[in-house]
């Protein structure tokens, strides 16, 4: 545009551009020195302002401002009369580079030479200052020059970007004082500025004055007004402007988009839908951002049914548009977990011959699988296969996921067949995790171990999760096999994984194998963690191997591990359970000396120690001490106290403790889980009634039943049982090979301590836990039955006893 203005000012002189352009390209490419450039320009034609201006412009646009300035000096030294345009070119270049001092020098020189008939150079400076965020400086500069429409428009745009209300209102005042005759562009910018400043009344007044200024509102004007009113929530005003637009101008996509976006932001999706349908009825082009905004707002307000209603209303639009909207609606519904709504949209789309993308099919089927809706999944999957064939990668993935959940055998067969055609096909790790968490750890184990080279990329966290689920399900053999499998895949399992296996072994009473695994950790460069020690200490304390628990405890101290409350609780419970009450008190004193925080289980265990000694004063003193610290015992702790006081005949104190128990939130949460046969009365209210009556004996009977429900081991070590002697072998037994003891690192256990499983030579050879095998002799069931009873799993223990007796009968 500037070049055309320049040519018009110089009578459209005929100048051949190709030689000049070639010379400039040679210079910019580094093939020509600056002096040679000037000589060649002079050689081609007689030096004149037009040629040098073109040269300055070319150099400036090429980023060679210093050379452009040298050409400017040459022109000035040649005595050629300069004009506004060459100053504007240089000012624009130096402004973009940030050399405003040179720009001010050029302006001063221009003014000194009397070249000031045009505002081009000044406006160039104003525009550049506004673009870099220095609108205030541009404003101050504009006060020193005769500003025009372009100047004020540029300043308004700068203040709009900065949201400078004071600046906007000041420019408005200056425009009115200067009596500037605005054009349509300036009027639109001023309206926008007034809206940004928050003076909608002035913006409306300016809009109403446009006919008086011989200006006609265009699409931009209407968009500015609609957007302004929508942002402040004045939808009625916005709709009035929109109606006026529809009456006066031809349909325009920006105005429709602006109105729809404004309605969506204000939650008026029904009206936005009407305007959206009108937009397509008028044949306007689809705007992705607009209809996605509408779809998101619909699903946000009307949840699942809103999108389906929209699809049903627009099913008569052009098929390609209908397909596009259906696919996006399905994808959006699936992302929001509205899988049934996505399926209904799929049905409407298929009924109207719409083509769905593979992504839409994939998301629908995946959502239905996640919901467990296999009945609806089958027809959609069949259509997917017909539409895209078995070579579609997404189809293979989702079909494999479906088969994994339905039939592992078929899934493995399909995987092996598809691998021949598409090596990228594999089941998702997320599917394995989902199956493992839902109790199908054995199926996951089979998929992982039988997939051969078709396994997905799995890391140590994935293997750890599956191993954990196998251990929780009691499948220790397969859990250990999977450890061995992972090692062969060069997956370096961490201590977290081995802690899981250790915990599973301890839960099954396999202490011997647990310690064999513990001893092998250092040989595979794994350092046992505090959790590792905690697992073993808890297991040995529960089963009476307190000497080994003490050695583990000392090992923790040596390694500077922090001994937490849970480990102390394990010791106290173990000592108390097997009658070593003095050692329990020593552990309590040790906790106090080391400032280890007591919890409700610690308090309950300590109360149990005093109650078993018959020291009710000590128990009450301990209870009162921790009550002042806002630490109450659990249900068993209160029950120990109440039973002990009742046995001593101290009924009032027992009643007081019962009253305190009924005020404990944790105890009440436990009690309220009990379902009574009388629906109108809860256990809590019944206990309150017994407490008020002073019926402590009956209350103890009720509490014993509750304790048996939540702590089944209470039946074995509860109110009517004496303290159990720890099953630690005597010194003579420990040294006797006839009794079949096994020694490992100074620890002693009977050889049946974990005869449920045994380790083969792989422990020594490969430093990992090897395969396990079952033994069927009577002694092998002892530790498992003991472990099940200690954990309260009496039904499982009972079934195991029956199995043992049955095997003995068969042997006889």
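Cβ coordinates are placed from backbone N, Cα and C, and glycine is handled just like the others.
The shown structure was predicted, so the numbers you read here are calculated from the model rather than taken from an experiment.
Range with TrEMBL annotation region 'Disordered', chosen from 728-750, 751-773, 774-796, is 728-750. Confidence annotation: the repeat 'PPR' (529-563) carries a mean pLDDT of 89 in the model.
Remote same-chain residues near the repeat 'PPR' (218-248) are listed as 184, 187-188, 191-192, 195, 200, 203-204, 207, 210, 254-255, 258-259, 261-263, 265-266, 268 (criterion: CB distance under 8 Å, separation of at least six residues from the stretch ends). Counting residues 6+ beyond its ends, the repeat 'PPR' (183-217) has Cβ neighbours under 8 Å at 149, 152-153, 156-157, 159-160, 163, 165, 168-169, 171-172, 175, 224-225, 227-229, 231-232, 234, 237, 245, 248 in the same chain. If one looks beyond the repeat 'PPR' (83-117) by at least 6 residues along the same chain, the residues whose Cβ comes under 8 Å of a Cβ in the stretch are 2, 5-6, 9, 49, 52-53, 56-57, 60, 65, 68-69, 72, 75, 124-125, 127-129, 132. Break the repeat 'PPR' (218-248) down by DSSP state and the numbers are 27 helix, 0 strand, 4 coil.
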